[in-house]
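Chemist: This is the structure, below, for whatever I ask next.
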Amino acid sequence: MEGTGGAGYRGMSMNNAPNVFLDPNANRFQVNIINEDHDNTETAQEDVGSDPPHYEETSFTDETHNRLRISYRPGKRELYDNFRQNGEKTEASLHPYDTHSKMYYLQTFGHNTMDPVPKIDYYRNTGSVSGNKLNRPSLLEIHEQLAKVSEKERHNFSLFHFQTEEENKTGFVKFGWVKGVLVRCMLNIWGVMLFIRLSWIVGQAGIGLGVIIILLATMVTSITGLSTSAIATNGFVRGGGAYYLISRSLGPEFGGSIGLIFAFANAVAVAMYVVGFAETVVELLKESDTLMVDESNDIRIIGTITVVCLLGISVAGMEWEAKAQVILLIVLLVAIVNFFIGTVIPTNTEKKARGFFNYQASIFAENFGPDFRSGEGFFSVFAIFFPAATGILAGANISGDLKDPQSAIPQGTMLAILITTIAYIAVAISSCVVRDATGNVNDTIVPGMSCNGSSACGLGYDFSRCASQPCDYGLMNNFQVMSMVSGFGPLITAGIFSATLSSALASLVSAPKVFQALCKDNVYKGLEFFAKGYGKNNEPIRGYVLTFAIAMAFILIAELNTIAPIISNFFLASYALINFSCFHASYAKSPGWRPAFRYYNMWVSLFGALLCCGVMFVINWWAALITYAIELFLYIYVTYKKPEVNWGSSTQALYFVNALDSALALTTVEDHVKNFRPQCLALTGAPMVRPALLDITHAFTKNNGLCICCEVYTGPRKLCVKEMNSGMEKKQAWLTKNKRKAFYAAVAADSFRDGVKSLLQASGLGRMKPNTLVIGFKKDWRSAPATQVENYVGIIHDAFDFELGVIIIRISQGFDISQVLQVQGMCFPSIWLPKATYCLTYQTSFHIFFFLITESTINTIQSMHVGEFNQRLLEASTQFKKKQGKGTIDIWWLFDDGGLTILIPYILTIRKKWKNCKLRIFTGGKVNRIEEEKLVMASLLSKFRIKFADINIICDINIKPNKESWKFFEEMIEPYRLHESCKDMPTAEKLKRETPWKITDAELEAFKEKSYRQVRLNELLQEHSRAANLIVLSLPVARKGAVSDYLYMAWLEILSKNLPPVLMVRGNHKNVLTFYS
C-alpha cells in the first residue's frame, strides 16, 4: 500500500491506527476520516459520524431508518447534527463516502483500503432519476498493484453529492400514499354503480347473495392487490403502472401486449365515464325541459366540453389534478354519509308510498333472499356489478409520480379496497326499501282488506298490484333509490358527478402515463414519438392529446354498450397477468425475487389469475375471446420483433430453472446408441472469422446436437481475460443474430494446446458434453513454426486420449477470413492500432501468434478493394450457406470407427440444403469378391436404414502410387527429413536432439506402406470423387510417439489435396449406429 499517500500514509499509520485499536469505544466497523494536512493532526485523529445513507429506492416503510442505528464516540454527535443541518462539507463534517477526494482517504477495519463500504449508489441503474450511479473499484483494481487515482476521477467523485443535492432541490413533484394512491383508488372504485345500480343488485340477488357478489369481486381485487404489492416492493418502481409491473416481471412480450390494450382501455374508459356524467346532466335538463338539441347531441356537446375541461386540468400538471381529486373525494364522501343519514331520518308518507320505511326487520328478512327476474341470474348480476370493483391500479398507474412507490402502492391500494368494500357492504345491508312499490300514497291497507303477506302489508301498504303490472318504485324498478333515501337528494346527484368525473380524470391521467412508459421502452418501434415528456414532471403531453382524441371519438359515437364489456375484460386481463406475474416470479425461485411485502402466496396469486380469467368469461364470453385474440396477436408481434431489452424477468429465471432441471434429469439417463448425436466442439476462434467451418458443423448439429464454438486466448493473462470477457456476449450475440444454434466458449491459457485441453475436458454440462472435435485443416503447416505444428497434431492426439471423435475439414481456400474482415472494418477494435504494435490475432486455422501491424500495413489493406483482396475467399466462406444442387456426397468408409463416418453424411442429407445430394459409398475389398462385398455393405446399410445411391468396392488401394505422385510427396517432406543415415552416428544423434520433430529415415521406412496408401488414396479420390459436392473420408490415425508430426501432416496434406470440400472423420471406435429397435 506504499503508493497510496507517501508521507501522508505514514503519518496516518502513526497517529490513527493506535487510536483505533486502543479506544475501547471503537466499533469493529468504525469508519475514520483521515486528513493528510499535518497542521490539523487533532482533526485527523478524530472520527466523524457518517451521514445516514438514503434508501429512497429500497425502503418499504419508515422502519428502515429506525433499523439503521449509528454509534457515536463521545463528542461526535454534534458533528453529525452539524452536517445534517448545514449540509456543508468541512474538515469537521465530511461525507464519509468521499473516498477519492483530494485530501481524504477512507479508513475501515483500521487500515487504508480501496474497498468501498456498502452503498446504495453502487446498485443504481445508469441514468437513475433518484441519484447518480457510482462505479465501485473493480476486482482487478483491488487485486492488482495499487495505481494512483487520476485527478479526473477524484473530481468526479467529489462532485457526486453536490449533484445529488441539486437534483433534490429541483426534483419532481411527488405524492405520498394518501394523495397519490388511496384517494385515486377510492375514487376509481367508487363509481356510478354505487349510486344507481347497487340497489337494483340487492333487489335481484338479495342481501345475502348481494354481499357474496361484493365479496367475490373483492376477492379478485384483493388477490390482485396483494400480487401488485409484492411486485411493487421487489425493487424500485418507475412510471408505467400495470405495464411496468408486468413487463419487468414477465418480460416485454406479455408487458408490451397488455400495456397497449391497458392504455387503450383507460383512454376509452375516459369516454365511458364522461358519457355517464353527460347522461346524468341530460336527464336533469330533460326534467326541466331545457334540452339544447336532442338527447344524443346534448350528450355529445356536454361530453366534449367536459373532456376538454378534464384535459386542461391534467395538462396543467399533476398538482392540479391531485387537488381536483381531493375535492371530488370530499364530495363523494359527503354523498355517501348523506345516504346513511337519510336511512335514520324518519320517513314520510310520500317515501313510504315509494317503498322506504327506515330500518325494519321484516324488510331485511324479505330482502335477504334472491328474487331474480327478467332472465337475470347470479352471474349476470355479478357481471353488472364487477366493474364497480375495478380501479385498484389507479395509484400504481402513476407509480413514477410517487415519493416511495414501494410503500405507497401496497398501503394505499389495500386500504382503498378495504374502505370501498366496507362501504359497498354497508350500503347493501342498509335495506330500508321494499322490492316493489307503486308510489301511490292511497295504496294503504284498510280494515278487512286481504294482503299478500309481504313486509309492506305489515307496514300498512298494499303493493300487490306490482305483481301483475309494472311499478315505478322499489329496489327492482327505481335506479334513484339512494337519492330518495338520502337526507338531501341533490347531494347524491353531486356524488354521481364526483364519481364519474373523478374516474374519468384518473383514467385520463393513467392512459398517457402507461403509454409513455411503453413508448420509452421502445417495445413498438413506431411509437417513440409519444415517449417525449415535458416539464419538471416529464408530463406526456403528446399522450394526453392522443388519449383526448380516442376519448372524443367514442364520446361522439355515444353508444358504448358494445365496447364497455371489452374494456372491463381489458382490465381483468391486466389483473390476471399481474397475479400470474407474482406466481411466476415466485415459482421461478430467482434470488432476485425478494419482495418487501410478505403477505402474499404464490398459489393464491395463481388462483387469482385463474379467477380473473373465469370472471372475464362470466361477464362476456365473446368480449373475453376478443381480448385474448388481441393479446395473443400483440404477444406474437413483440416476440417476432424481439425488442433489445433485458429486464431480468421471471421468464428468464424460469428458462434457467427449466434448463437446469432438464440437464439434471438428463444425467440420470444412461447413454444409448440409438440416442447418439454428434455433439461438437468446433475450434472456430471468433465465429465470424471462420463462418464456413461453423456452417458445415452447424449443418449436422442444428436441432440435433450440441455445438460449441471455441476460442483460445494466449499471452499476458490480464489482457487476455479482459479481451475475452469483453467479447463473450458480442460473439454469442453474433451467433444468435445469424441464427446459429451454437454456444460460444473461450479460455485463456499459457499455450494454445493447453487451452484446447481445458476445453476438451471441461466443456459442456452433464450429458450435454462434446463427443466430437471439429477443426479446420492447417494449410500453412509447411511455413509455420514447428511448435505450431506440434500443437496442432498434439490437439488431435489429446482428443483421442479423451476418447473424442475427430473431424478435420478442408476446403480449397481455407476458412480464415480475418483479413477480409479487416478490410471491411468488421474486425475487433484491438486489431486496429495506430502505431506499430504487437497484438494477438488468428491468422492460421487454430493457432494464435504475434502479428506485427504497422500504419503502412493497415493503409495498404484499407486501400485494396475487397474483391481485389480475395473474392474467392469470400465466396468459399459462404459455400455451405447455399443450397447444394443435385450431386453426391462420397463416403470413403475405409475403416470401421463405430459408424461416425457414415452417420455425419446421413445427417447432412436430411437437411434442407443437402437433401438433393445422394450418398455414394466407397470401401476397400478384394478383387475376387467384389459382388459379395457389395452385398455385405448393402445389407449393413439397409439394416442401419441409411439410403444410398451406389456402392463401390475399391480393390487397388494397396498398390503403389504412380511415380509422379510419390515424387511430389517426397519433395513435400524433404525439408523436414533428418537424413540421419547419410551422417555419422554422433552427428545424427546431435541432430535428433536439436530437431526432434524431423522425419527420420527409420520412421519413413517403417511407415512407407502407410505413406503409399495415402498417396494412392488421393489418386483414387481424384479419379472417382473429383465432381462430388462433399467427400467424407476415414481419417488416418498416427500412433502417438511413433509417427512424427510432420509426417502425419504430410499424410493429411496429400490425402486431401486438390479435391472438393473434404471431411476427414474418425470416431472414437464406440458404436454410434445400431440396427436393433
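Cβ atoms here come from the backbone N, Cα and C positions, even for glycine.
Relevant sequence annotations retrieved from TrEMBL are reproduced here:
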REGION    41-62  region 'Disordered'
COMPBIAS  53-62  compositional bias 'Basic and acidic residues'
DOMAIN    98-150  domain 'Amino acid permease N-terminal'
DOMAIN    180-681  domain 'Amino acid permease/ SLC12A'
TRANSMEM  181-201  transmembrane segment
TRANSMEM  207-237  transmembrane segment
TRANSMEM  258-279  transmembrane segment
TRANSMEM  299-319  transmembrane segment
TRANSMEM  326-345  transmembrane segment
TRANSMEM  377-396  transmembrane segment
TRANSMEM  408-429  transmembrane segment
TRANSMEM  488-511  transmembrane segment
TRANSMEM  541-560  transmembrane segment
TRANSMEM  566-587  transmembrane segment
TRANSMEM  599-623  transmembrane segment
DOMAIN    690-824  domain 'SLC12A transporter C-terminal'
DOMAIN    863-1077  domain 'SLC12A transporter C-terminal'
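Tell me about the setting of these features in this model.
Modeler: Mean model confidence for the domain 'Amino acid permease/ SLC12A' (180-681) is a pLDDT of 84.
Outside the transmembrane segment (181-201) by six or more residues, the chain places 175, 210, 213, 221, 273, 276, 280, 322, 325-326, 328-329, 332, 335-336, 381, 384-385, 387-392, 394-396, 398, 402, 408-409, 411-413, 415-417, 419-420, 423-424, 427-428, 433, 475-476, 478-483, 492, 495-496, 498-500, 502-503, 506-507 with a CB less than 8 A from a CB of the stretch.
Packing against the transmembrane segment (377-396) from elsewhere in the chain are residues 177, 180-182, 184-185, 187-191, 193-194, 197-198, 201, 204-205, 209, 213-214, 216-218, 220-221, 224-225, 228, 232, 241-242, 245, 370, 402, 405, 408-409, 412-413, 416-417, 420, 424, 503, 506, 510, 564, 568, 571-572, 574-575, 615, 618-620: each is 6 or more residues past its ends and has a CB under 8 Å from a CB in it.
Under 8 Å from some Cβ of the transmembrane segment (408-429) lie the Cβ atoms of residues 175-178, 180-182, 184-186, 189-190, 194, 198, 201-202, 207, 210-211, 214-215, 218, 221-222, 225-226, 228-229, 232-233, 237, 336, 339-340, 364, 388-389, 392, 395-396, 399, 402, 482, 597, all in the same chain and six or more residues away from its ends.
Under 8 Å from some Cβ of the transmembrane segment (488-511) lie the Cβ atoms of residues 184, 187-188, 190-192, 194-196, 241, 263-264, 266-267, 269-270, 273-274, 276-277, 280, 284, 306-307, 310-311, 313-314, 318, 321, 324-325, 328-329, 331-332, 334-336, 338-339, 342, 391, 393-394, 397-398, 480, 482, 543-544, 547-548, 551, all in the same chain and six or more residues away from its ends.
Note on the transmembrane segment (566-587): residues 220-221, 223-224, 226-228, 230-231, 234, 242, 245-246, 249-250, 254, 258, 261-262, 264-265, 268-269, 272, 386-387, 390, 392-393, 593, 600, 602-603, 605-606, 608-609, 612-613, 615-616, 619-620, 623-624, 626-628, 631, 650-651, 653-654 of its chain, located 6 or more positions outside it, place their CB under 8 angstroms from a CB of the stretch.
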Chemist: Which range wins on Cβ pairs under 8 Å with the transmembrane segment (258-279): 207-237, 299-319, 599-623?
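Modeler: Per the Cβ count, the answer is 299-319.
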Chemist: Using DSSP, tally how many residues of the domain 'SLC12A transporter C-terminal' (690-824) sit in helix, strand and coil.
Modeler: 66 helix, 28 strand, 41 coil
Chemist: The transmembrane segment (599-623): which same-chain residues, six or more beyond its ends, come within Cβ distance under 8 Å?
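Modeler: Apart from its flanks, the transmembrane segment (599-623) reaches 219-220, 223-224, 226-227, 229-230, 379, 382-383, 386, 565-566, 568-569, 572-573, 575-577, 579-580, 582-583, 586-587.
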Chemist: Counting only CB pairs under 8 A, let me know which of 207-237, 299-319, 326-345 has the most with the transmembrane segment (541-560).
Modeler: 299-319
